[in-house]
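Some notes on the structure that comes next.
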Amino acid sequence: MSRILDRVDSPSDLKGLTTAELGILAEEIRQEIITVCSRNGGHLAPSLGVVELTLALHRVFTSPEDKIVWDVGHQAYAHKLVTGRRDRFATLRTLGGISGFLKRAESPHDVFDAGHASTSISAALGLAAARDLAGRNNKVVAVIGDGSMTGGIAYEGLNHAGHLNRDLVVVLNDNEMSIAENVGALSNFLSRTVTSEFVHTLKKDVETFLGGLDRIGRNVLKVAKRAEESLKGLFTPGMLFEAFGFEYIGPIDGHDIGRLTETFEKVKRFDDAVLIHVLTKKGKGFAPAEAKPSLFHGVGPFDPVSGEIVKGKGGATSYTGVFGQALTRIADEDERVVAITAAMPDGTGLGSFSARHPGRFFDVGIAEQHGVTFAAGLAAEGYRPVFAIYSSFLQRAYDQLFHDVCLMNLPVTFAIDRSGVVGSDGPTHHGLFDLSYLRTLPNMVVMAPKDENELQHMLKTAIDHNGPAAVRYPRGNGLGVPLDQSLAPIPLGTSEVLRAGSGTCVVLAVGAMVGPALEAANTLEGEGIDLTVVNVRFVKPLDRELILSYVGRAGTLVTIEENVLQGGFGSAVLELLADEGVGGVAVHRFGYPDRYVEQGEQHELRSRYGLDAEGIAGRIRTLSAR
């Protein structure tokens, strides 16, 4: 028997389906998402939670004429399946396949690229303003999760939208979670829910009737408004959004397609800013994901029946795990150490720290800007905060790094996870810019370990340093080296010669590139090319003395970094040589080009860009033949 899903090639195909057929389709979509994610990994639980919401939106609104803006994109899989990408869905998150996020280049139904949180309201408001300037009358809808509502930009968008009072629909998808459980006053506030969509129509009718009467009628209207505000404020979160200038409708069962459809049909007739509060269950339809939504938020391959995660090859602890263990040990001995995360306690390895030192652990929500300045405040009072954060998310707080940390030379440590290419999440999540944007900041120390043991010592170095310091490390397992129990700081700006070759080529490798550089050197040795390999350790401050010492002896310097070449470590070396007036040495920079790197497994991307051992050996072989 054929699936209804196989007959859905565009959102228009949903409009002729009955509510019962849409219910069947919802389950078919869930099964498709589970099947593909079990092989490819992906953001399973968020997408399972919004299937009915997605179908109702596409049934009522006419995409792409009507613009549906999805926040983050974690919940976009059902949207992709009903917008013409069913036949390619099996390629989700693979090299050359469809993205796990929204991509304008992929489909006209993806009206705004997404990957980071809290941007949808601002983007949708811009689309609505453009519509009005052009004299069009299409609808614009932003779909944002309650987790994304912990980000400040969401409120900047709400504030501006309420001021402009444009024809804009915001759907708040409330599953009481972002990645882990939500934190903060907003989460508590949203749990106070009771009202319905008929209130909007009723209020308009009453206002029209009383407003048309004499002064007594208008006074009654004022009293009624005050009474409504007082009572609603006791029971609902609607007051918050109405204070921003939005009409508030909800909460609505986000899995009731009929109710959702009815509500969206009514809202289509409104011409002002409306917020619809929808309640959903993260992971719905897959029992393991419903039971452990955080585990299945972003998950690797798993058994599609039991939900058991497919374990990779055994071996070394991940860099994230080693970081968490080392930080906990350091905090055991130093009461000044506190840990901060932006809604990712498990993803950044802080689970053991939060259990051991709950009073010194802070989850700030998806609020990176606040997190950095919060850390600065702690540091200003003598504490040693460690902000564990993914490289791509730290970008969101650049001015806070400059203004609130580095300007005052405050001792804040940034533990930058997921540096380099991260894999299938693609360009929004690769950590390929941190060396460039961090080394430009005065007072900032920037380190990258060659292995997980060196990571421990660099963490100790950063915490002991009386100023800002960053340690960047990759996603994935370490190299399996022994872990020292006693940790000591590394002298700032010192590198380490790991292989002293007799040839004229010196390789300066950063962090995760040290291992492939050594492998390449071993390969080339058998071909008569004897490389010197240096573990740089510090991108800032540079080991000026060592680098300059090789200038007179080496004909070629090769810098290798898992970062974009623009402004990175190789650029720092060139700047040093230019400042010193040094010539007579060829400098070749290996890294990522001036482009956004596509999705793919880490090993696939490193191979494609010549940054695995084979690629490095091949490029140096070519240089040596010149």
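Glycine residues also receive a Cβ, built from the backbone N, Cα and C atoms like all the rest.
The local packing around Gly147 (thiamine diphosphate binding site), expressed as other Cβ atoms within 10 Å of its Cβ over all shown chains, amounts to 31. Annotation source Swiss-Prot lists thiamine diphosphate binding site at His74, Gly115, His116, Ala117, Gly147, Ser148, Asn175, Phe286, Glu368.
According to Swiss-Prot, the Mg(2+) binding site annotation covers Asp146, Asn175. For Asp146 (Mg(2+) binding site), the count of additional Cβ atoms within 10 Å of its Cβ stands at 22 [all protein chains shown].
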Message: Tell me which of the binding-site residues His74, His116 sits in the most Cβ-dense spot, judged by other Cβ atoms within 10 Å.
response: His74
Task: List the residues of the same chain that sit at least 6 positions away from Asn175 (thiamine diphosphate binding site) in sequence and have their Cβ under 8 Å from its Cβ, in sequence order, or write 'none'.
output: Gly49, Gly145, Asp146, Leu279, Thr280, Lys281, Lys282, Pro293
- prompt: Using DSSP and three states only, what is Glu368 (thiamine diphosphate binding site)?
  reply: helix
Cβ neighbours of Glu368 (thiamine diphosphate binding site) where a neighbour is any other Cβ within 10 Å: 26
